[in-house]
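> Mind looking over this structure? Questions follow.
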Amino acid sequence: MDTPSPLGDLAGLAFRKMNGLGNDFVIIDLRAHRGMKVTEEAARYLGDRAGPYGCDQIITIEERAGEPFMGIWNADGSAVGACGNATRCVGQILMDESGEDAVAFMTPSGPISAERVGTNRVVVDMGEPRLKWEEIPLAEETQDTRFVDIKLGPIDKPVLWGPSAVNMGNPHCIFFVEDADAQALDRFGPMIENHPMFPERANVSVAQVKSKYEIRLRVWERGAGITQACGTAACAALVAAHRRRLTARKASVVLDGGTLAIEWRESDNHVMMAGPVAFEYDGILE
Ligand SMILES: N[C@@H](CCC[C@H](N)C(=O)O)C(=O)O
């Protein structure tokens, strides 16, 4: 007897592989396949780098209430609210389809609008950052999410402490450090991701402020580990850095996979993210 595919009824559907600064996605268009779903098992199978696919996130394009909707799963199978880099990819797919240079669509954390600003370059309005402790969410009420009560290392001599917390549709914890490349993010990333302060876990970044206009950022993503780039983390880092008076409202965020231009607009409190989109290949799920 054949063993059932972990893909379930997704087997046989077309997918597209894309990435934003090396943060890569299997994107499945479910608009013509109402009722089909990405299960946790299917997401884990598609995300597994040792398997036939392998990616950081699994993305769906669906239709809900007559509007395009983007669904997001991490490689560990968890469903999430936001993904900055994938938002640019989905924006580009929808704009190519319509022939327009702007598009609006829905995500689990709210509406998004995207605009084409060059060949394979898209700017996305990521909405307003959420900064209250209960919006991150944190497990404990803190007066100020700019400096959360978390310490790493020996109690009397912590190596990292007082990160900022920002929610960009998903929870982020940002440590400001002198040298981002010298941090053992692979070791403490999973500990902070699962720290009791973060009841919904967290994406963990180390941010080095190079100047008022540049941040070097490395990211341990919740449910995916270290990735080449994380768009929402770049937005969260700029917001956190500006709240600590370390940068201007607009800065370049340099990730392992390349650079994003981030602006936290004063006029409407929205965070804008501009960056590239890359097509890899099309295939059939089997
Ligand atoms: N890579 C993404 C973020 C994906 C979700 C994240 N790992 C989470 O669990 O919140 C981005 O570009 O923002």
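Backbone N, Cα and C define each Cβ position, glycine as well.
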> Could you look at ASN120, ASN170 and say which one TrEMBL places alongside ASN23, GLN57, ASN74, GLY84, ASN85, ASN203, GLU221, ARG222, GLY231, THR232 in the substrate site?
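Record check against TrEMBL: substrate site with ASN23, GLN57, ASN74, GLY84, ASN85, ASN203, GLU221, ARG222, GLY231, THR232, extra candidate from ASN120, ASN170 is ASN170.
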> By Cβ count within 10 Å, point out the most packed of the binding-site residues listed: ASN23, ASN74.
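It comes out as ASN23.
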> Determine, to the nearest whole angstrom, how far the Cα atom of ASN23 (substrate binding site) is from the Cα atom of CYS230 (active site, proton acceptor).
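A Cα-Cα distance of 7 Å.
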> Mind checking which of CYS83, CYS230 has the fewest other CB atoms within 10 A of its CB? They're the active-site residues.
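Across CYS83, CYS230, these active-site residues, the one with fewest Cβ atoms within 10 Å is CYS83.
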